[in-house]
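**Student:** Annotation source TrEMBL lists transmembrane segment at A:21-43, A:77-98, A:107-127, A:133-152, A:164-187, A:207-226, A:252-278, A:290-308, A:320-341.
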Amino acid sequence: MNKLIAFRSKNGTISFLAEKRTLVVLLVLALLTIAFCVISIGMGSKYIDPVETLKTMLGQGTAQHVLVLETLRLPRVIVAVLVGAALGISGGIMQGIIRNPLASPDIMGITGGAALAAVAFITYLSGTISMKWLPVAAFTGAGCISILIYGLAWKKGVTSIRLVLIGIGIAAAVGSLTTLMIVFSPINAASQAYIWMTGSIYATTWSHVYALLPWVIVFIPLALIFSRTANIQELGDDIAKGLGSAVQRHRFVLLLISVALAGSAVAVAGTIGFIGLIAPHIARKLVGPAFGSFLPVAALTGSLILLISDTAARTAFLPLDIPAGVFTAGIGAPFFIYLLYRNRNS
Amino acid sequence: MIRIHQTSWKAVGLVLGLFLFVLSFIFSIALGVTPISFGTVVESFVHYDEASNEHVIIQTTRLPRAFIATAVGANLAVAGALMQALTRNPLASPSILGIHAGAIFFVVLGITFLSVTSLAHLTWFAFLGAGIAAVAVYYIGSIGRTGLTPIKIVLAGAAISALFGSFTQGMLVVNEAGLQDVLFWMAGSVSGRTTDMLLPVLPYMLCAGISAFALAHPLNILTSGEDVAKGLGQRTVFVKLAIAVTVVCLAGSSVAVAGSIGFIGLVVPHLARFLIGVDYRWIIPYSAVLGATLLLLADIVSRFPIQPEEIPIGVMTACIGTPFFIYMARKGLRNE
């Protein structure tokens, strides 16, 4: 089963082995994601069947279908795919650095930082500055909090345990500050901020897609390039050092990639929890722990989970639109506990 | 070294602590947006005058508030001390290990979907939530060959908190009515509550408190290691179960009254241990007194920065507690 295929460029600077199994899994997941995209676009208060959907996509649809599909639903589906991929990779990297299966951007306080900045923005600046700056605010928050966590965990280098403990402490503090802000804001700003926080890709437009796309295009390939240093990090600090890896510098770069992906995802979609936690687990189950193969799988798994959750969230209780974050937690948490139980001795 | 060794001095320290507590209790009644002189405070107890604004403020607002801060502070501190002993983890406390989040989830569920209004019933929801969260965290934290390591249980707590947190948020998003009220309660607050809210919960608090004191001696034996405790003839499973039930009662009842007030359960037991060492027969009373005092002081401070509004007290305790938590995490844990 585990047949390997070698890729090597002519001068040998780029070379890697790919397992057949990984390629097959990637292909299947990609097809599934595309299929779900088509189905999901069709679903909603006005149902459009997949054949019609495909026709419209190819430029053969009625004007009404074009409006519903391309202006209203397509951006939302694309954002779901991008956010899911970003969160999946971000969580995968973080679990690799921390060497703990429970680590993820939401538990480490990074999404909390983004939420704090975004809520502050909604509460204090929403009247004066255009809402399109909200992603920038959220990303700045995530960045600042990560630097703070990293700085506080620094004591002649950063160990993964200090990183995660301080992350949890900061997450609690940031959470209480966010609540403080919501409590003191006027009621309409409060509920707006609250819906954003729960993680919803409600009312996404093409501008959201364009805001998120550059981050994903830059940082996901970067993550794949650096994935082999992550492989070495997983062996533990001493062995990694012995192998000649610049442990601290690589850890910093990996963390930066992870934060950038998580921050941009949160900026667009709010704090959607548990995808960064589960997607890497499922990916590892499917293709094993080597980063080069499991990161792309984690990205596709994340996309698929968020896509399904969002479709369920917006169609299950029509006309109510439940935040997708509630669904990801609902699916994610029981599954996560099951995974922990299965892997209890590994 | 300021650690006290002799028993008589430990008792003197406790009396000193009680004195501090009484002092902060009095200040908590006297200070606020409307400053009230101590003479008026005494008078309101001796000759209560309904026509006097100040008397009314004292008896209906300040006094219940001080009582609630006392009860909740003592409860949380003792719960934290028990948890740190049980999990042998210096970072354990009800809020970090997800017990608050569990209790809040069930209380919000009761309020929004089952329209439960009586606090006596909501308390049982809080107990249920606290219990489920405690069992889940303990179980998730201890699966695997390495057993209950500090890092695993803290992560399990964070995961369970995140889970219950997002469900609570989901319920509140769907059900926007009363969002503001529930939010203020969730953030942790001892204000705006009457004695009527404390009374139905008080019996549980007292029972759990007594049980905590009774458990102090078995706890001393348990902390010397499970094998040693078994060798000395202790039924460790029974003791652990009793501790867990006590913790759930203490934390659940505090959440029902005051919402999620974090970090008291983390900081105070360390303070107590720093002062009088490792004997739980002293740590528990010290924790109770210090916890009550600290929460009263935090409550007094929370009234001033943004008058006439108040900062939720949970935010105040987070401001005190986070630096301490970070200090502890930097200092490093045993058996990492």
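Cβ coordinates are placed from backbone N, Cα and C, and glycine is handled just like the others.
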**Student:** Six or more residues out from either end of the transmembrane segment (A:133-152), which same-chain residues have a Cβ under 8 Å from its Cβ atoms?
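**Tutor:** Distal contacts: 108-118, 120-122, 158, 163, 166-167, 170, 174, 211-212, 252, 255, 259, 262-264, 266-268.
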**Student:** With the transmembrane segment (A:77-98) as the reference, which stretch in A:107-127, A:164-187, A:207-226, A:252-278 has the largest tally of C-beta pairs below 8 Å?
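**Tutor:** By Cβ pairs under 8 Å, A:252-278 leads among A:107-127, A:164-187, A:207-226, A:252-278.
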**Student:** Which listed stretch (A:21-43, A:107-127, A:164-187, A:207-226, A:252-278) has the most C-beta pairs under 8 A with the transmembrane segment (A:290-308)?
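**Tutor:** The stretch with the most close Cβ contacts to the transmembrane segment (A:290-308) is A:21-43.
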**Student:** Count, for each of A:21-43, A:107-127, A:164-187, A:252-278, the Cβ pairs lying under 8 Å from the transmembrane segment (A:207-226), and report the range with the highest count.
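**Tutor:** Stretch with the highest Cβ contact count: A:252-278.
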**Student:** Is it the case that the transmembrane segment (A:252-278) and the transmembrane segment (A:21-43) have 3 or more CB pairs under 8 Å, with pairs at least 6 apart in sequence?
**Tutor:** no
**Student:** Residues of the same chain, at least six outside the transmembrane segment (A:21-43), with any C-beta under 8 angstroms of its C-beta?
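**Tutor:** Sequence-distant neighbours of the transmembrane segment (A:21-43): 1-2, 5, 49-50, 52-54, 57, 69, 73-74, 77, 80-81, 286-287, 293, 296-297, 300-301, 303-304, 307-308, 310-311, 315.
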**Student:** Quickly jot the same-chain residues contacting the transmembrane segment (A:164-187) by Cβ under 8 Å, restricted to those at least six beyond its ends, or write none.
**Tutor:** 98, 100, 103, 107-110, 112-113, 115-116, 119-120, 122-123, 145, 148-149, 152-153, 193-194, 197
